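As recorded in Swiss-Prot, the features of this protein are as follows:
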ACT_SITE  H459  active site
ACT_SITE  D476  active site
ACT_SITE  C526  active site, nucleophile
COMPBIAS  72-87  compositional bias 'Acidic residues'
COMPBIAS  106-119  compositional bias 'Basic residues'
MOD_RES   S52  phosphoserine
MOD_RES   S71  phosphoserine
MOD_RES   S73  phosphoserine
MOD_RES   S163  phosphoserine
MOD_RES   T170  phosphothreonine
MOD_RES   S175  phosphoserine
MOD_RES   S182  phosphoserine
MOD_RES   S206  phosphoserine
MOD_RES   S226  phosphoserine
REGION    1-119  region 'Disordered'
REGION    155-174  region 'Disordered'
REGION    380-537  region 'Protease'
Amino acid sequence: MKETIQGTGSWGPEPPGPGTTYSNPRRERLRWPLPPKPRLKSGGGFGPDPGSGTTVPTRRLPAPRPSFDASASEEEEEEEEEDEEEVAAWRLPPRWGQLGASQRSRALRPSHRKTCSQRRRRAMRAFQMLLYSKSTSLTFHWKLWGRHRGRRRNLAHPKNHLSPQEGGATPQVPSPCCRFDSPRGLPPPRLGLLGALMAEDGMRGSPPVPSGPPMEEDGLRWTPKSPLDPDSGLLSCTLPNGFGGLSGPEGERSLAPPDASILISNVCSIGDHVAQELFQSSDLGIAEEADRTGEKAGQHSPLREEHVTCVQSILDEFLQTYGSLIPLSTDEVVEKLEDIFQQEFSTPSRKSLVLQLIQSYQRMPGNAMVRGFRVSYKRHVLTMDDLGTLYGQNWLNDQVMNMYGDLVMDTVPEKVHFFNSFFYDKLRTKGYDGVKRWTKNVDIFNKELLLIPIHLEVHWSLISVDVRRRTITYFDSQRTLNRRCPKHIAKYLQAEAVKKDRLDFHQGWKGYFKMNVARQNNDSDCGAFVLQYCKHLALSQPFSFTQQDMPKLRRQIYKELCHCKLTV
């Protein structure tokens, strides 16, 4: 509630009313007397004369509008209207309308100095907006026009200020089910690969592709014509950044397109012949593109929706088979697409698009790996943590090494025997007594090849024993000379020959170091090299792999472990 100063000097004569007395003119809150009860009408065809117990509802006449001084300016009259509306919004008692018009206008009208200062401030604010505002020409006039409340009234609905009984528009009441906060519903369903790509484009803020047909707004139709057509309105419209365009033939300014939110930083003009060459050349390029054969254009065009759907189905099947996309390569997906659609997908553009699809699929929630995925083979159980060691440049663990060694041994069981990766560590620490029961069911001297993985601290190496030739060969991808390992294996073979009564194998063992093998160039691929040594020795294949083949060989090892079978 607004506080004023009670007194004769400010408010004029006191309003008439019984029992209305004010003490000394001090600053206090307004205390209005109770309004007198209106007299009821009777007679004139309105029914019987009401008595003491009869109440007839009547309509209260609106208070007369106050008269304004002839000397008041037009702006002061608008300010007085705004002040009266503000006072009406304060819900003052009805006796406020019974005061004299001159008293209310004198009480509400600000001083001459205050009016001048307000006008000066508004003029300076409008001038600053004109100089420094970055808004367009359309929005500037809207801001300047919106200073006056009477001009902001919607002209399309002139009866909005009337009540519904007087013929005005019915107020828009929100539905009881309407809520003004964003509802928290169920989480959105899992998007497919195509939906994820569209969502990523929306997150990047890529602008939508214009559709080109004519545009309609507020009943006016703006149809884009040829760029060189002077009647199209494009050369005579008002530019969105405030620059005026060329006028029409009759001096009238044409309408601007509905999308006036684009700011043009540089405006230049070109000759008609240059513009014609530009647009004609583009039209010729489009015609030449359309003249291409459908088969050739289809082979080199970007991926279509059915291609994206096929890629997603391939990735889904791959994820269920291998638990992750670690052993997947782009070439493999491209080959499957070529087999299905009988088209060329190995072009650089299409191949890069396939790679982007794979990366987008991996970023989707739940597609990194299948939780709970396991591979069981005999006594071996591989989890995703074990299989994850084959990704990138991770170090292989004992579980992967031992299961792959068993796969090698089971591929040629009569020829090869593979020792567990913990065998050498137990032999080195506890001697023959610690490992003498490891081969109680196997006569190793009936085999052709013995494979013994060696794990020293953080490095993998391999010892291969040719039983017939009685040779012990040490394979190391870092080409280190470790003489202790062959000696420990030679002592074990002698002790095993004595225990198994194979005295012909007690003597004649020789040790070698294999130096002309593929060498690793990092600190993480030693385990993958050892597995390839085992496979190629067991299958009697030459060492044709190098360091550059390790990413592909890691993916191949992953698949062989999941299928529990070597790729021969």
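Heads up, the Cβ atoms here are built off N, Cα and C, so glycines get one too.
Here the structure is a predicted model, which means the values were calculated and not measured.
Annotated features taken from Swiss-Prot, shown on the structure.
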residue: H459; record: active site; Cβ within 10 Å: 17
residue: D476; record: active site; Cβ within 10 Å: 25
residue: C526; record: active site, nucleophile; Cβ within 10 Å: 20
Completion exercise
One should report the C-alpha separation between H459 (active site) and the residue listed as 'active site, nucleophile', rounded to whole angstrom, as 7
Problem - Segment-level pLDDT (mean, integer) for the region 'Protease' (380-537) - result: 94
Completion exercise
CA pair the residue listed as 'active site, nucleophile' / D476 (active site), Å rounded to integer, equals 8
Completion exercise
Under a three-state DSSP reduction, the secondary structure at C526 (active site, nucleophile) is helix
